[in-house]
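Working notes for the structure below.
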Amino acid sequence: FFCLETMNKSGISTVTQFVLLGFPGPWKMQIIFFSLILLIYILTVTGNIAIICAVRWDHRLHTPMYVFLANFSFLEIWYVTCTVPNMLVNFLSKTKAISFSGCFTQFYFFFSLGTTECFFLCVMAYDRYLAICRPLHYPTIMTGKLCAILVSLCWLTGFLGHSVPILFISQLPYCGPNIIDHFLCDVDPLMALSCASSPIIEHVFHSVSSLIIILTILYILGSYTLVLRAVLRVPSSAGRQKAFSTCGSHLVVVSLFYGTIMVMYVSPTSGNSVAMHKIITLIYSVVTPVLNPLIYSLRNRDMKFALRQVICAMRIMQTS
């Protein structure tokens with residue numbers, strides 16, 4: 001690997017690009033990893049686009065729950081796109097280099113989109129709480145205006161949450177080495193490569209991350225606790241089954257996503273190996289997004305019907 005540096009005004013060498021080691025191994029292993037990740041990426045993008053199209057084309061799905069789901073699917077597409085294409089290139093690259101600006105751009109979007117996902121899961125939990133616990137008031141509370149406001153707040157707060165700490169981290173001096181033993185630009189490897197010790201910035205970043213994760217998961221668990229209590233009181237078994245089906249799919253997504261990010265950014269991880277960090281990151285950044293469309297579509301009758309219509313429409317367009 002090479003270390004490309006320039007000299008700043010004070011005469012100190014400055015790193016202009018980083019090397020992402022990814023998953024080192026023989027060439028055949030790199031090809032296998034490339035093929036597997038590429039397949040997962042294609043499935044993720046295709047599945048989430050299908051959900052967006054189904055919500056867009058089926059007027060019965062023009063409700064707050066499916067509007068949130070469509071935004072969530074749009075978010076997942078960008079969440080995997082900010083890391084996976086570069087990972088695929090690195091599998092086939094000899095240098096495995098990423099520019100300084102490219103690294104921090106990826107770093108910013110990865111954490112901003114991840115934070116936005118936390119807020120969307122909160123909003124979706126709130127929507128299910130209103131629909132099940134306060135069904136008579138649901139149409140008057142969850143209006144189109146409130147739905148648009150909640151969607152906008154999720155995107156806005158998600159992209160502002162880590163902007164200041166990441167800006168400060170990008171301003172730290174990086175004078176070498178430039179090798180990151182990861183497949184993406186994450187906070188701990190970048191902080192370890194900085195020439196200047198900055199525990200305050202690192203502490204602020206982890207505090208903001210932990211606060212967002214803990215507050216959102218507590219809110220989600222609280223909402224679904226109230227939902228569960230309400231569902232158990234429903235006299236109709238069909239009504240209970242429908243409510244459990246919808247909320248169950250949400251909880252599976254929450255468990256997959258929060259279970260891994262809490263291990264990485266809330267619980268102490270100093271004892272975990274670098275390989276374990278990579279595996280955990282791979283689960284919540286690549287594996288979870290491909291499972292979400294399957295979870296939401298397979299456990300939802302309306303979504304399955306809408307997806308069938310989308311597939312039929314596509315077949316008609318191809319044959320005509």
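Using N, Cα and C of the backbone, Cβ positions are placed for all residues, glycine too.
TrEMBL annotations:
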| type | residues | note |
| --- | --- | --- |
| DOMAIN | 47-296 | domain 'G-protein coupled receptors family 1 profile' |
| TRANSMEM | 31-54 | transmembrane segment |
| TRANSMEM | 66-87 | transmembrane segment |
| TRANSMEM | 107-126 | transmembrane segment |
| TRANSMEM | 146-168 | transmembrane segment |
| TRANSMEM | 211-232 | transmembrane segment |
| TRANSMEM | 244-267 | transmembrane segment |
| TRANSMEM | 279-298 | transmembrane segment |
Of 107-126, 211-232, 244-267, 279-298, whichever stretch has the most CB pairs under 8 A to the transmembrane segment (31-54) = 279-298
Query = Quick one: do the transmembrane segment (279-298) and the transmembrane segment (66-87) have at least 3 Cβ pairs under 8 Å, skipping pairs fewer than 6 apart in sequence?
reply = yes
Ask   = So what's near the transmembrane segment (244-267) in sequence-distant terms, Cβ-Cβ under 8 Å and 6+ beyond its ends?
value = 65, 114, 117, 121, 124-125, 128, 132, 206, 209-210, 213-214, 217, 220, 224, 227-228, 231, 277, 280-281, 283-284, 287-288, 291-292, 295-296, 299-300
Ask   = What residues in the same chain, six or more past the boundaries of the transmembrane segment (66-87), come closer than 8 Å to it by Cβ-Cβ distance?
value = 20, 22, 37, 40-41, 44-45, 47-49, 51-52, 55-56, 98, 102, 106, 109-110, 113-114, 116-117, 120, 123-124, 127, 147, 150-151, 154, 183-184, 285-286, 289-290, 292-293, 296, 302-303
Key: Positions whose Cβ lies under 8 angstroms from the transmembrane segment (211-232), at least six residues beyond its ends   = 115, 118-119, 121-122, 125-126, 128-129, 132-133, 161, 240, 243-244, 247, 250-251, 254, 258, 261-262, 265-266
